[in-house]
């Protein structure tokens, strides 16, 4: 009887030992899976997903978006209301008009910083410019017979060059000191229909994509991190960060969920991971929106009287009416008369020096757009950087309202880029405002799921110890 009891005890100990081995093995497998998932997620970062870690900038503490937008003259609640009720509907209609639908751009690569990106490397590099005989006659100047386009990534990154028969009236050609890629009529420029090439996910990933944002941020982030930085030195970082956030928002809002079935939709997890979880990125998005809005409203007289002729009289009159509504809306003027106060900048002895420094840095960022290896990313990058450069030109190049009325000259392409950029930012602000609760619920659900899983593991271990203790 005693031997039987001893054997029974030994059998129980062996059974308990096996359970512990299985439990430890399961935990090890889970940990390995987590490490692999994190590694793969890191490897899959794209141009829209790069978080600017090179900057090591201090992240703001979590807070709700209430009160005045930092360095601006409007509060979040007013911005959201005006954007939803007034600006966004007007801008949606405006960018669909013939004048604002077409953008002239140099699409082929001419990277001045790293020569290896000037060559096609991936499987979708075969997109080429059409022969001259295939171009619509409305083009102001013919393109060269053959120009290979540098293209990286996937088919969804390809620019659709389809145009309809619209004519353009040329505007004054002037130099923009803030950009390196001015509107110059030459064989490298082509018109692109922006409605056929929406800003969305393209599959542009890897070292080339990460290097773009690293190069952009390295031009200005060190100026921002210093505790003693003045407001002028922080502006460029905030503008770039806000634009970066907007790009990420558009990719998350129109994402390729299933490549096999070509299923597109919202990726709210990406929205949270790349934008919402970092309050400073949301704040900088609002800052950039108000900065560009200030430039548009400051140029009210110029934009309101400009010619928007494309050969379609009805559409052209509609365009002019929409522009006037955007730049002089009474609700906007009453609630947010000065979205951003540029008059307080460039004061003191260092003012001119800081301004020249900012111009040089932004020109470098503008030149980096030629290094983008994804054709659609390059298109929207060039358009939005030109739009931001135009806003800087309006606010900082011509001093005073009187001088602005007499001395401001904008290229047609600058006006197209400026209004399309304002629309992109408006869409991003609206999407963040509308979808933040849902995205945060999803993120919270994932966190709760993870916590519940690990809690089950800990509970299982505790229960095993308790059972083992009772059996011993």
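For all residues, glycine too, the Cβ spot is worked out from N, Cα and C.
Keep in mind the model is a prediction, meaning the values are calculated, not measured.
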Since Swiss-Prot lists 200, 202, 241, 244, 274, 281 for FAD, which candidate among 213, 346 does it give for that site as well? 213
Counting across all protein chains, other CB atoms within 10 angstroms of the CB of residue 374 (disulfide bond) number 29
Do me a favour and check the Cα-Cα span between residue 374 (disulfide bond) and residue 244 (FAD binding site); whole Å is fine. 16
Maximum Cα-Cα separation in Å among residues 200, 202, 213, 241, 244, 274, 281, which the record lists as binding FAD: 22
Could you measure between residue 111 (disulfide bond) and residue 281 (FAD binding site) for me? Cα positions, answer in whole angstrom. 28
According to DSSP, residue 213 (FAD binding site) sits in helix
Is it possible to get the count of other C-beta atoms within 10 angstroms of the C-beta of residue 377 (disulfide bond)? 25
